[in-house]
């Protein structure tokens, strides 16, 4: 029993002889044995019985003790194996249950040996099974291993415990580290979730109406779209302004938009939507809008046109007029020629409206979409209908032609497949003009003008653009000039068009404008209900002239159709049949009060004469005003029908024509207020003068430089002219012409009165290089341009300061006077009380006015411009130091500071000026134009051609600047400057200054001796030189005394004036 329960091996089983052979045949175990695989994994065969099991059964105490010991080791072994991956087994190492040993010992019946082996196995390789049957598994013969002696077993047990503890620590560190990382990740995730939550946004303020109450603009400040969309679908023309209330440009456009609404509220619906209101329907739908405001014009068909021009009343009014009348009807080639004189190009469609209605609709849409590129209709769209196409030489309809200044191009597309996009793309591709209006937007000005400047020199004509009228006299004059300039082949038709036809049209426009002014003075001077009175007061001849010239109207085809298909108007075609063209309707002509019945029915006096459809009486064109006796039949007819009389039909031609005439007069009044209607008369050319207009004919093909002719609105873009150096708004008629040469970096301005002769001479002189380059000057002031001026700001601040000081002085003087008066009154009262008599009033004198003693403003560095550069620098008898600077140059401020210090030190130097000029804003001749800022140039007196520039290799500081200035002075001036510098120098630089003064005095004595030897014949001059030598000697000795001992430099410097006068005085009449 003792042998079965004994934990120690016996001498027989554990002897060295039993293990010698095994030790020789198998390699030694590695130091750290890997953990064994669980023994309980094989559950197919039951564990064999052993003697240890019997011993446990017989001695439960020993069994429990051994089981507890094995379980404790098992827990220590299982803990690291759970947190550690299975290690690969090494060659020759002891394996687990799955590995077979090289040699197994035979079963021994000795219980003691069996118990020892089991104990060794349990100690070295505890199983990982959880069933606790350690003894039964350990005594299995299959798992018996050869064992060493007892010492080896004890040492192996100690090594395994140390390794196990180390593995346990590492495993705990790894497990706790993983848990810490998980906790840290959880904390960071929670923190990020809290931080990434949407920020708290305050509630948006309530929407405020953008337009005033009672405005004709339907304002939707909340951003609602439903009501506006409904109104757009039922209105013939609608304009919607999408705005942001905080936008400055939206606020600027508000006034112009409201003014236009007051002019055209009868013809179009005007709405405005706040597209910035948070939560609004507009903002949620239109999220890709880049800027505000946005103006869109809509039609019920769904066609939308966006506006891209300036936000002025005139520009918006012209845009609305273009929307209302995108097409012009031409009844004859003469109408087309009249229209071409004021347009860059004309697109004409020859159609049969009755058969080609769909094609007409597409062409109409193309004319509307073109307004996005050209809202002012510089490229005009027209239509010719019916038999009138034969007058233009058109053989097949439908067809489209593009009439340019030198050729006519016909569209070759298939007519049934015409689309607005294809038509506009074809026009854009084929279009080429000789001149054009340029309207740079606010944010890409340089990108708009740069392509024209890179092509070559450009002639820019700044003139007011009359957007209330159809033509501009200045632009027609520019087209005359450009057509003659580009007429290289000498085409007779171009010459006749430019020189004769456009000139005649310009003269006709002046006469028509004067007649229109006279008529509008009468129309606007009375109430609209009194318009009929003018018909009786005016003669038939005047009515005809007004119909023909004063209000030459071109009515669109759609407008005529609306009039003649109205249920209030009895519009019928001529002869009772179906009209062949819109020209056979003439209901609008009698409303213009034409002189004769036969002249009605055509759009202008030159058209074919067709009878009126409504006015069939003999006096139809003389008016509809009859007395009661003559209109009895009409009254009887009107009482028998429910139709509204034409006199009271708000859609009738007569009332519509009156409204149109009154609106034209209102637009003329606005144009007069803006002073945009400007006309230029041609002077009578002398016989001996040269015809410059003929001289520039075809000049574009005779030189490598080709001019580009541009025109800009001087009322809107006057800042461009001001950047070129001319105050455009102060010029006659606000018109000025420039030639800008980008390659030569030059600009040329026409300063003569603007007309065709002077413009032609200007171009001719430019090609002959006889025109002078225009120089900009900062001295030019611009009243309408807000620019920061430092001088004006300083003066304004000084004025405010003086006003404040004056107010304080007056308040202080008033308080002192009141206090003094009160004191005198009290004293007088006391004396009077003592004497028993009434006090006499004491006269008070006003406080003395304090004299205004302001310090004189003395600037040591004077600011000059290009206008006075010649007079100040080159023509003056002084030594001038000029500093070239730029406001954008940072180093210029460093030089300015040092130059100001030097000018203060040499403030008493006679004949020395310090000036500066802004090289960016002042143009100078090329020899004085600096390419680097800052630059310093000195112009010596009497030697202006020997100017010197400050070396770029020298550092800009006070000593270098003083040395540069002194080196360019005469010996007398240099000696005088040294006296000034030494009298104002500090103690640290005193010795160096005295040494420099000593050297200058020595040079002065040497030069004076040379002058004395030369002046052998002039006794007076020799006496002056002797006196000068005496003063120089005294100053030299005084300088030596100051170098060796202390002395008074002020007394030494007092001799400088006498020395300078004796040295520089040209005559010897006075001897000091």
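Every residue gets a Cβ built from N, Cα and C, even glycine.
Listed ranges 522-549, 550-577, 578-605; the one TrEMBL annotates as region 'Disordered' is 522-549. Of the candidate ranges 768-811, 812-855, 856-899, 900-943, TrEMBL annotates residues 812-855 with the feature region 'Disordered'. Summarised by DSSP class, the composition of the compositional bias 'Basic and acidic residues' (812-825) is 14 helix, 0 strand, 0 coil. As a summary of secondary structure, the domain 'Thioredoxin' (861-946) carries 27 helix, 21 strand, 38 coil according to DSSP. Across the range of the domain 'Thioredoxin' (234-321), the DSSP-based residue counts are 32 helix, 20 strand, 36 coil.
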